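Peer 1: Below are the structure tokens for one structure; questions will follow.
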Amino acid sequence: MTESQLCQTFVSLTMLGTMEAESVVPEGPDVDPVEQEPLFRNLDIFLFSLIIGLLIYWFFSRQEPIPEFKRLTTRETSFIEKMKKTNRNMVVFYGSQTGTAEEFCGRLAKDAQRYGMSGMSADLEEYDMSELPCLAEIDNSLAVFCMATYGEGDPTDNAQDFYDWMQETDEDLNGVNFAVFGLGNKTYEHFNAMGKYTDKRLEELGGKRIYDLGMGDDDGNLEEDFVSWKEQFWPAVCEHFGVEATGDDTSNRQYELVVPTDINMNKVYTGEMGRLKSFETQKPPFDVKNPYLATVAVNRQLNQAGDRHLMHLELDISGSQIRYDSGDHVAVYPINDVSIVNRIGQILDADLDTVISLNNLDEESNKKHPFPCPTTYRTALTHYLDITNPPGTNVLFELAQYATDPKDQDILRKMASASPEGKGLYQSWVLDSQRNILAVLEDMPSLHPTIDHLCELLPCLQARYYSIASSGKVYSNMVSICAVVVEFQTSTGRSFKGVATNWLKNKVVVTDNGHKATVPMYVRKSQFRLPFKASNPVVMIGPGTGIAPFMGFLQERGWMKEQGKDVGETILYFGCRHRNQDFMYQQELEEFEKVGVLTQLNVAFSRDQKEKVYVQHLLKKNNEHLWKLIHTDNAHIYICGDARNMARDVQNAFYDIAEEVGGLTHTQAVAYIKKLMTKGRYSQDVWS
């Protein structure tokens with residue numbers, strides 16, 4: 001009870017006693033003299049008031065005083081003040097979803113000193129971007145933006161606020177110099193949308209572009225695109241600001257190695273993403289920096305035969321407070337192959353269990369370490385660093401100094417250059433051959449870098465995202481994953497294994513020692529949603545593992561029918577190689593069709609006959625019915641799977657349907673489908 005409530009009670013009771021004492025006694029011969037006495041006498045009121053007063057005093061005297069909390073110091077949000085304080089004149093912002101834009105940003109900031117500039121890298125969500133006009137106050141200043149595009153032309157999570165600011169602001173950016181490098185994928189409808197928008201909008205607001213927009217294509221060679229742009233960008237910077245390149249190509253360490261002498265192992269990171277011991281004491285909310293350790297409840301193979309391994313996993317999220325909708329994504333944090341980690345340690349003659357900390361030499365930087373520190377080399381290589389994918393040209397350039405054979409030095413430096421010969425060599429020797437850092441070390445025996453510098457150079461191991469294969473309305477305590485294990489032989493004879501899928505494949509439900517297997521995960525929201533009206537028909541196209549979100553859609557449509565809702569036609573186009581080998585979820589799909597949840601099940605078995613048949617061929621066979629659903633019945637179309645070929649071929653099939661059945665010209669058909677996209681009736685969840 002609060003102080004005010006107690007006081008109100010005391011006043012009310014006192015007034016009640018006073019009112020009773022002052023009440024008028026009824027007059028008349030039939031009234032008994034005893035009944036004419038007041039309910040409370042003055043002495044009663046006094047004693048009653050005294051008791052209440054003592055109770056109030058006792059209640060408040062026993063309470064502990066409310067402590068005065070000191071205001072917590074927050075991370076500095078003014079990049080202008082930081083630049084002035086540290087004498088920087090170049091800031092490189094990144095909008096990154098998978099870490100590549102962040103890596104490019106760091107490389108540009110580090111290169112700045114070679115070109116007469118002093119740079120800092122900055123996460124867009126950590127700073128107040130409304131300060132951007134104030135950049136003009138700093139002489140010879142420059143803002144560079146490395147902007148990745150996510151989803152259907154959307155900003156990355158950390159760039160959302162900046163994107164909103166650009167849309168809403170009318171600030172004058174006169175005097176602000178800028179340049180933009182975009183990261184995208186040409187197989188997507190909205191190629192480099194964020195890079196293009198940022199470049200265009202900053203100019204509209206009065207900013208001065210000092211070099212052309214760069215557009216990296218992840219479907220081609222993103223690394224080469226960035227290096228080529230960078231090679232032209234720096235001369236433009238030198239010309240604009242009247243500065244000269246120093247010509248100093250020596251390696252510049254960003255972090256210093258510290259080996260603690262007095263080690264408290266309780267303060268050493270063992271794989272946590274953010275908070276120390278977060279896997280031992282789990283606290284919601286769970287997100288990218290605080291994943292939930294979900295137990296693996298189911299891990300079963302989906303295909304009956306064939307040379308691939310298709311799997312279905314169910315992660316138990318009971319008690320986590322995690323909520324998800326059909327169409328959302330689950331992010332999982334995998335760990336690297338232990339054999340690769342051990343082999344790297346063996347080649348570098350390193351004690352992998354040494355506890356180390358890599359500390360940023362720039363004390364003003366918000367990024368104090370390249371990965372959670374202190375930790376061991378073993379933990380860093382296992383949990384935090386990408387050792388499976390081919391290393392970038394910047395890594396090769398920095399490693400060249402450690403090669404004792406001059407020929408190896410020349411090859412590494414050549415591959416890191418922007419020359420046509422160097423680009424070709426990097427493409428063939430590193431990318432096409434799928435050489436990871438271990439393969440580079442094995443194939444260049446004279447290369448023997450220090451392990452701490454190698455750990456500084458390698459990019460961070462990123463979370464892997466999967467479309468959730470279940471409905472949160474039906475399975476609120478379970479998240480399902482559908483995936484194919486990635487494994488193939490490279491041209492060097494090595495076996496390339498996808499980090500996450502091979503790790504998940506080996507997640508047995510209960511281990512030999514009785515422990516339950518766990519997966520660090522969190523849920524990322526998506527715009528891939530069923531229509532608001534259940535009565536709207538839905539057409540789902542998802543060959544292979546692209547069926548994942550549609551299993552959730554079907555579960556939810558079935559749940560809606562059970563609720564008595566009017567559910568429209570629900571049509572699925574699925575594709576696989578062979579009916580008897582990889583017809584995933586066959587029993588579940590046939591059951592959905594049997595009970596009427598699935599109105600129509602269309603399956604393309606591409607290799608069961610001489611001529612290959614794909615989902616787009618089945619779409620064209622049902623062209624009249626599909627056109628009626630789309631044009632007349634307000635159907636929603638959903639596509640999930642491969643972006644490079646399938647999504648494009650399916651879109652072309654819908655163009656053909658609009659032309660052949662709808663009587664539209666090709667130009668009109670393209671505009672028609674684009675309008676469906678704008679209205680949210682043509683949605684894609686695709687990857688390349």
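In case you wondered, yes, glycine gets a Cβ from its N, Cα and C as well.
Copying in the features that TrEMBL gives for the protein in this structure:
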- 45-61: transmembrane segment (TRANSMEM)
- 90-234: domain 'Flavodoxin-like' (DOMAIN)
- 96-101, 148-151, 183-192, Asp218: FMN binding site (BINDING)
- 289-531: domain 'FAD-binding FR-type' (DOMAIN)
- Arg308, Thr545, Ser606, Arg607, Lys612, Val613, Tyr614, Val615, Gln616, Asp649: NADP(+) binding site (BINDING)
- Arg464, Tyr465, Tyr466, Ser467, Cys482, Ala483, Val484, Gly498, Val499, Ala500, Thr501, Trp687: FAD binding site (BINDING)
Peer 1: From the DSSP assignment alone, can you count helix, strand and coil residues within the domain 'Flavodoxin-like' (90-234)?
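Peer 2: Going by DSSP assignments, the domain 'Flavodoxin-like' (90-234) contains 65 helix, 36 strand, 44 coil.
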Peer 1: If one looks at the chain holding Gln616 (NADP(+) binding site), which residues at least 6 apart in sequence have a CB under 8 angstroms from its CB?
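Peer 2: For Gln616 (NADP(+) binding site), the qualifying residues are Met646, Asp649, Val650, Asn652, Ala653.
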Peer 1: For a quick check of understanding: given the listed NADP(+)-binding residues Arg308, Thr545, Ser606, Arg607, Lys612, Val613, Tyr614, Val615, Gln616, Asp649, what is the maximum Cα-Cα distance in angstrom, as an integer?
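Peer 2: Comparing all Cα pairs, the maximum is 24 Å.
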Peer 1: Work through the binding-site residues one by one (Arg464, Lys612) and point out the residue whose CB has the fewest other CB atoms within 10 angstroms.
Peer 2: Lys612
Peer 1: Given the binding-site residues Gly99, Asn185, Tyr466, Val484, find the one whose Cα is closest in space to the Cα of Ser606 (NADP(+) binding site).
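Peer 2: Closest candidate to Ser606 (NADP(+) binding site), judged by Cα separation, is Val484.
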Peer 1: Find the shortest Cα-Cα separation between Arg308 (NADP(+) binding site) and the binding-site residues Ala148, Tyr466, Val484, and name the residue that gives it.
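Peer 2: Smallest Cα separation from Arg308 (NADP(+) binding site) among Ala148, Tyr466, Val484: Val484.
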Peer 1: Can you give me the same-chain residues 6 or more apart in sequence from Val499 (FAD binding site) with a CB-CB distance under 8 Å?
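Peer 2: Non-local contacts for Val499 (FAD binding site): Pro334, Ile335, Asn336, Asp337, Thr388, Leu461, Arg464.
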Peer 1: Name the residues of the same chain, 6+ apart in sequence, whose Cβ is under 8 Å from the Cβ of Phe191 (FMN binding site)?
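Peer 2: Result: Thr149, Gly184, Asn185, Met215, Asp217.
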Peer 1: If I take the Cα of Tyr466 (FAD binding site) as reference, which of the binding-site residues Ser96, Ala148, Gly151 has the closest Cα?
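Peer 2: Of all the candidates listed, Gly151 is nearest in space.
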Peer 1: Just to verify a number: CA distance, Ala148 (FMN binding site) to Thr501 (FAD binding site), in angstrom, no decimals.
Peer 2: 25
Peer 1: Only counting partners 6 or more residues apart, tell me which same-chain residues put their Cβ under 8 Å from the Cβ of Thr501 (FAD binding site).
Peer 2: Met311, Ala483, Val484, Val485, Val486
Peer 1: Using C-alpha atoms only, work out the spacing between Gly99 (FMN binding site) and Cys482 (FAD binding site) and round it to an integer in Å.
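Peer 2: Rounded to a whole number, the Cα-Cα distance is 24 Å.
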Peer 1: Under 8 Å Cβ to Cβ from Tyr188 (FMN binding site), same chain, six or more residues apart: give me those in sequence order, or none if nothing qualifies.
Peer 2: Thr149, Glu152, Gly153, Ala643, Val686, Ser688
